[in-house]
């Protein structure tokens, strides 16, 4: 049979063969242990979709461009990737979704790096394809169980911080570059003192001439302890441990642990998955929370027909390890994007996510008991967005207002107060059964009557129109 082409009796036929003879298997039944991938394929003109899909399966598993005699020394049937289904994308000419199944044995256990090297390592430069995008991955429990996952997860984080029943509040310290360590620490203290739970190093604050990392760590730790003492709440500052080498990164993490701070931070795409997984292991062993920033993600995920969708990068992060990850804000975006963002927010938080193509989820994903990751909404949000954010993200999230805190006309601490008051008002209104989508502006206005800080913030940013009226259509 053409399927079992590895028997010696067949003889060795040299030459270039169509990929689809070996790698396109529409009658294949996927196994529970297979890693499944959904690729959006745009073939070059004249290349049939089956051949393109099979080429993806081949190039990302056992195939090479010609038949080689060493194929006879292994069982291709056991190790090859298989393109088992192809469907056209509605409304797009010459776009197809190719589903590929990879046998589990092709991957090293506990290595996101190896998983990506195999699945997306070579195939994106393939000539027969005009463009290729990895839309989704199904990680089988047999594989996800080989990963530690997030250092702590959502529940343990709440227990460590003693904060329940509401989203957490953060703020990125700006200007991101140029402050001295002492002034930086002062800004941190003011925000935490005003009522935020966290402040954050910007992703590109590492260790520059104007502020070396040790100085920053020391001044921020001082700010944290001072704010904790004055407010009676646990506070944190995401100290960015990202560095040029893994050794230096771990050195910074060790110093943070010695200072006794609760949380550090890493840029997982620029730092790389290997570094990130090492850091996540260190964080779990030493009781540090790990905040993940996705700097560079748009380079990879912005094109709709080429690259890797962010939901795949988010799944990979949950396996590699991180307690928070930035995931977009949803507010003021289009409906469709909103559903898709909520799709990967669920992939980060929940144990079991059912297949739902309307939210961009191509496969049912069962994480078994891997801890969840808190999604972080950050970027261009302010107090008027608070009802929408509370409604959309729910309690298990971190809402980060950078300019929305530091841009307050009276300063950082009042800006923090305004955000905290707005958040508490929204949470209370929700718990009393009010509809945040419809009454959001009203709730904020009521709260601003007894909080001058909030009133000032409302005045600066004015009301915004919520672009969603009907939340129930989801």
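Numbers run from 1 along the shown chain.
Using N, Cα and C of the backbone, Cβ positions are placed for all residues, glycine too.
Features reported for this protein in Swiss-Prot:
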MOD_RES   13  N6,N6,N6-trimethyllysine
BINDING   122, 172, 176, 294, 326, 378  substrate binding site
ACT_SITE  174  active site, proton acceptor
BINDING   200, 202, 203  Mg(2+) binding site
MOD_RES   200  N6-carboxylysine
ACT_SITE  293  active site, proton acceptor
SITE      333  site 'Transition state stabilizer'
Candidates 13, 200, 202, 293, namely the recorded positions, that fall within 10 Å of residue 172 (substrate binding site) by Cα distance:
200, 202
Rounded to an integer, what is the Cα-Cα distance in Å between residue 326 (substrate binding site) and residue 293 (active site, proton acceptor)?
6
In whole Å, note down how far the CA of residue 203 (Mg(2+) binding site) lies from the CA of residue 294 (substrate binding site).
9
Quick one: of the recorded positions 13, 200, 203, which has its CA closest to the CA of residue 122 (substrate binding site)?
13
Would you mind listing, in sequence order, the residues at least six apart from residue 378 (substrate binding site) in the same chain with a Cβ closer than 8 Å to its Cβ?
170, 172, 326, 329, 399, 400, 401, 402
Between residue 174 (active site, proton acceptor) and the residue listed as 'N6,N6,N6-trimethyllysine': CA-CA distance (Å):
65
According to DSSP, does residue 378 (substrate binding site) sit in a helix, a strand, or coil?
strand
Considering each pair of residues in 122, 172, 176, 294, 326, 378, all listed as binding substrate, report the largest CA to CA distance in Å, no decimals.
37
Inside 10 Å of the Cβ of residue 202 (Mg(2+) binding site), count up the other Cβ atoms and send me the figure.
18
